[in-house]
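**Student:** This is the feature table in TrEMBL:
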type: ACT_SITE; residues: 45; note: active site, 4-aspartylphosphate intermediate
type: BINDING; residues: 45, 47, 472, 476; note: Mg(2+) binding site
type: BINDING; residues: 45, 46, 47, 175, 216, 239, 274, 354, 355, 356, 446, 452, 475, 476; note: ATP binding site
type: COMPBIAS; residues: 904-917; note: compositional bias 'Polar residues'
type: COMPBIAS; residues: 921-936; note: compositional bias 'Low complexity'
type: COMPBIAS; residues: 937-949; note: compositional bias 'Basic and acidic residues'
type: DOMAIN; residues: 498-746; note: domain 'P-type ATPase C-terminal'
type: REGION; residues: 904-970; note: region 'Disordered'
């Protein structure tokens, strides 16, 4: 039940709700919430997990020539880190101009009716080369024709009224981005009908016959299609990872083109782009006819079908001709760098397992804070087992050996898929595990789904630690299921990972709160709840054992049977359940502010064997106290006025049970870190529930129990014994906790004490501010502030002042100026020096303060009365007194004030009731002033006018124009 409540809290957390997909954090496994607080290693996919999985075609290389303009997120991050390398011209301006030029060049060649409204590939040079009609133009046409044909996408027309608007639905976002870019360039895939593919190449419609599709999988890392063009013949088009394509290129050809293309691909990878290579091969009809028979036999095989299909594909995918490469950008999700940095501060090590190239993975690692500039990168790349073992041994000795340099530096391990295949061998695995354990971050490149699962299993079993895997696609399911806790991202690649995971949400950044807040809380709660649960049952049971010494170990019950039945059901259940479901050492904000608190869960310091046995010893001690104190008091018994005695077994069992139940519930409360009114009520009600049950049960005519309440509850010995037993039982535990928190505090204790101190200081500051409102603003040296040192005429009412709740009911207009205040004087006798400094008062003049605090006026000066009359004036004409208005009061505002009925008007109310309390307190004279000679006369006049029904209203004055006396309306 406790873990169900914890799972509900995780599900209900709005901070982990993604509004775009309407998807909250969904727990699919409810009994491992405490494991979330002990995670030491996180294994993450990159595409779709750290990134948005929204692919944008940015650049390409065709026949050794690179095309495509624009910057990536990785490039922008590098420029921010190195401002000196920033370009002189902003990239956004260049892209807009280049986009217009590109569309103009395209229009000169052909009319592309299918181009999207926001093409991601921008480069006018491409169409200039197309217009040249040379070898490069032919290479460009072949390259984008291959992109428009080598795929398995489906065509969708979202707008029935616009047949030229086409969307593509593909198995992966990469494939849709490739076909979409070909469409925007002018090589449009129109439809797939049975075995016919229809495309439009630069305005010319063509149809190709699809013969075979060699599908992509994680082992092949490539996909191919075999086509028959309209001109005849058989052509194989292949796209895949550069390492796979380069292995299958025709030997001895295109040496220079390979080098040029590889240089361009490395440049793209350094910008954080995902790269693929495009190649083709012309096949003779005789070769194809022989191959297709072998392929059909392999596809129809019952046994080892996948292996036979793979062998058949190897027979045709060779001697390829390189055409070029593509570069696609997959942007990082929001909040990923901050999340990874916070998790690293919490002591969690993150391993990224990706299928990207090494250069791409490294740059993405720097962009998302997985890799940092102060880290030493250890790159392992080997082609065989001997080389892999040698490089691992050298890395261990060089960076972590006895003669290692920079031992205190941070390290990151980079290893590619080919080397990882050898590193997972039984003989080399220990060295790889040792090296990975010593590094803060690990990046595995070009890995397959099976290798991901093997890496997770190696760390989980080899280091005996809690692991968490997070991914978004079907290729991450094996990794998710291998880890202790699996988290699925509900993203663009479907919901396979989310369905197979223990927890599912929509964004990687939610992992921060899931672990550091909910995971840590759950671990602490479960650890304390289990300890308290064993403790309370040991106390209850061992107390019966002490009784067996006098019962001859006859197994006679000390307690009434109903006590035994209700002990874990009612009397002691709810405090422990409340502790396990609601207790928290610090709030969520503090947990995220101090992620280092999570390390206690990694080290498993909140639930240890020593802690468990201390709880057991405490339980044995308290059971002995509860029994022997009760036994000693009732050893001789006492007579009751009814003639009954209280030294029976039922009486003794009731007293022991009452002592145990009170002790246990108070003990649980002592271990509760967050005391709320709910915790107090539950503990008190649990203790009282036992005595309420005794009272209710005594009413029944039960043998040996009838009217037991009259016998025990009326005896002082009973209550004295319960209180004494509880006090002696709890005292050692309380003393130990006090000494431990005072002299040997944990990190949590220090943070909790710091928070309490901050709250206390804040509360004291608020009280001081409220006290200061009634004090005169003087300098720390005691000098009186006059008009020369504090010019109030420059004070204007701004938005911050109007936001003050204390002035929300006062009809004040913005940008009006308050009149000059009368000269401030002080009475030395009986005054307390203000805590404000002169600088603080000047700061208040700047308008940053939100209240007019610190002003008070001497009651000895008649100038304050003049100021008061200029601010509070009677609104009824026949009650107007002849007073001299200040020279800086505008006539227009005054007339508006007189003609408008005041919402403050109240008949027969004194000023403190009529005006807002805060405003009246700030603008009224200090009561500590000595009375002036004219005070009694003014008070009589005010009282006479209020008794006649005077209405007062606050007017806003400006010193810009002189005022004229207001005239009553006729």
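Note: Cβ is positioned from N, Cα and C throughout, glycine not excepted.
I'd like to know what surrounds each of these features in this structure.
**Tutor:** Its own atom aside, the Cβ of residue 45 (active site, 4-aspartylphosphate intermediate) has 28 Cβ atoms within 10 angstroms in the protein chains shown.
There are 26 other Cβ atoms within 10 Å of the Cβ belonging to residue 47 (Mg(2+) binding site).
In sequence order, 45, 218, 449, 452 are the residues of the chain that are 6 or more apart from residue 475 (ATP binding site) and have a CB within less than 8 Å of its CB.
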**Student:** Measuring Cα to Cα, how many angstrom lie between residue 274 (ATP binding site) and residue 476 (Mg(2+) binding site)?
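**Tutor:** Pair distance, Cα basis, whole Å: 19 Å.
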**Student:** In Å, rounded, how far does the Cα of residue 476 (Mg(2+) binding site) sit from the Cα of residue 355 (ATP binding site)?
**Tutor:** 11
**Student:** Cα distance, residue 355 (ATP binding site) to residue 472 (Mg(2+) binding site), nearest Å?
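**Tutor:** Taking the Cα atoms only, residue 472 (Mg(2+) binding site) lies 14 Å from residue 355 (ATP binding site).
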**Student:** Long-range same-chain neighbours of residue 446 (ATP binding site), Cβ under 8 Å, sequence gap at least 6?
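**Tutor:** Once residues fewer than 6 apart are set aside, residue 446 (ATP binding site) is near 221, 241, 243, 354, 355, 356, 357, 358, 416, 417, 418.
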**Student:** What whole-number distance in angstrom separates the two most remote CA atoms of the ATP-binding residues 45, 46, 47, 175, 216, 239, 274, 354, 355, 356, 446, 452, 475, 476?
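**Tutor:** 23 Å is the greatest Cα spacing among the residues binding ATP.
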**Student:** If you draw a 10 Å sphere around the Cβ of residue 216 (ATP binding site), how many other Cβ atoms fall inside it, taking every protein chain shown into account?
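**Tutor:** Summing over all protein chains shown, residue 216 (ATP binding site) has 18 other Cβ atoms within 10 Å.
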